[in-house]
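Participant: Mind looking over this structure? Questions follow.
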Amino acid sequence: MEQDLARIEQFLDALWLERNLAENTLSAYRRDLSMVVAWLHHRGKTLATAQADDLQTLLAERVEGGYKATSSARLLSAMRRFFQHLYREKYREDDPSAQLASPKLPQRLPKDLSEAQVERLLQAPLIDQPLELRDKAMLEVLYATGLRVSELVGLTMSDISLRQGVVRVIGKGNKERLVPLGEEAVYWLETYLEHGRPWLLNGVSIDVLFPSQRAQQMTRQTFWHRIKHYAVLAGIDSEKLSPHVLRHAFATHLLNHGADLRVVQMLLGHSDLSTTQIYTHVATERLRQLHQQHHPRA
């Protein structure tokens with residue numbers, strides 16, 4: 001079993017070198033694949049002897065055990081990449097994962113906010129306090145750019161150009177993109193940089209654009225707590241919330257106002273257009289709701 005676990009680490013090292021995956025993604029692969037190895041060894045199998053039927057049985061047991069389809073899909077993705085790696089490295093003469101059936105995933109629409117709800121959320125921070133001025137600038141940038149929360153908290157001073165009104169983002173797979181900020185976000189960034197950030201740093205030298213109260217890089221979890229705090233103040237239902245709620249609103253509202261789908265794809269940093277297309281369903285659903293509410297024959 002130790003040898004199989006060592007092969008997982010070799011695979012993760014290769015992934016990190018080739019694809020520059022985030023640590024969270026690598027940790028998820030490690031957990032899933034370690035579980036696969038333990039499951040196989042419990043049945044007298046190894047990575048070298050496992051067959052497609054074994055892996056399909058494992059997936060079936062997960063479904064019967066009440067695991068969500070998304071969890072099974074993630075596990076299947078990990079197994080496919082791993083066994084493809086073992087095949088390329090000539091540790092195996094075949095790839096048993098190639099025969100596995102994919103679980104059917106329910107299409108879930110992203111949680112979105114109306115433009116009025118977003119406006120209330122953006123107005124929630126008290127801008128006369130440095131900490132909340134930082135949060136105000138972060139919310140404005142998030143809605144103006146559609147960044148992922150991890151991208152937002154990772155921004156540095158050198159990533160923004162207020163003169164040009166753009167932000168440079170290093171997204172998934174280490175892909176770089178330039179995203180316009182818009183006048184409102186630029187204004188609040190300028191205000192924050194003059195009246196908020198110096199107070200937060202308190203003499204500490206750090207390149208992070210949005211430091212925490214301890215003059216360190218803020219975590220995604222911390223910012224998520226801040227969003228929930230302001231949502232309560234704005235009277236927004238918690239069911240409407242997710243860490244990426246403003247990213248979803250950014251995409252949906254752009255499409256509602258006639259933006260081209262491929263432009264939205266580029267701004268969001270999606271490598272696959274199908275990932276962006278789900279926002280068209282959100283926009284369509286919003287139109288359907290409005291029709292039902294206001295049309296006399298709906």
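For all residues, glycine too, the Cβ spot is worked out from N, Cα and C.
Here Swiss-Prot flags 2-87 as domain 'Core-binding (CB)', drawing on sequence analysis. Annotation comment: Swiss-Prot describes 108-292 as domain 'Tyr recombinase', evidence class sequence analysis. As annotated by Swiss-Prot, active site applies to R148, K172, H244, R247, H270. Sequence annotations record features per position, and here Swiss-Prot assigns active site, O-(3'-phospho-DNA)-tyrosine intermediate to Y279 based on sequence analysis.
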Participant: Between the Cα atoms of R247 (active site) and R148 (active site), what distance do you get, rounded to the nearest Å?
Facilitator: 7
Participant: Roughly how many angstrom lie between the C-alpha atoms of R148 (active site) and H244 (active site)?
Facilitator: 7
Participant: Is it possible to get the count of other C-beta atoms within 10 angstroms of the C-beta of R148 (active site)?
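Facilitator: For R148 (active site), the 10 Å Cβ neighbour count is 19.
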Participant: Over the domain 'Core-binding (CB)' (2-87), what does the predicted model average in pLDDT?
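Facilitator: PLDDT averaged over the stretch: 88.
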Participant: In the structure shown, which of the active-site residues H244, R247 has the fewest other Cβ atoms within 10 Å?
Facilitator: H244
Participant: Which of the three DSSP states, helix, strand or coil, fits R247 (active site)?
Facilitator: helix
Participant: Looking only at the domain 'Core-binding (CB)' (2-87), what are its DSSP counts of helix, strand and coil residues?
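Facilitator: Tallied per class, the domain 'Core-binding (CB)' (2-87) gives 70 helix, 0 strand, 16 coil.
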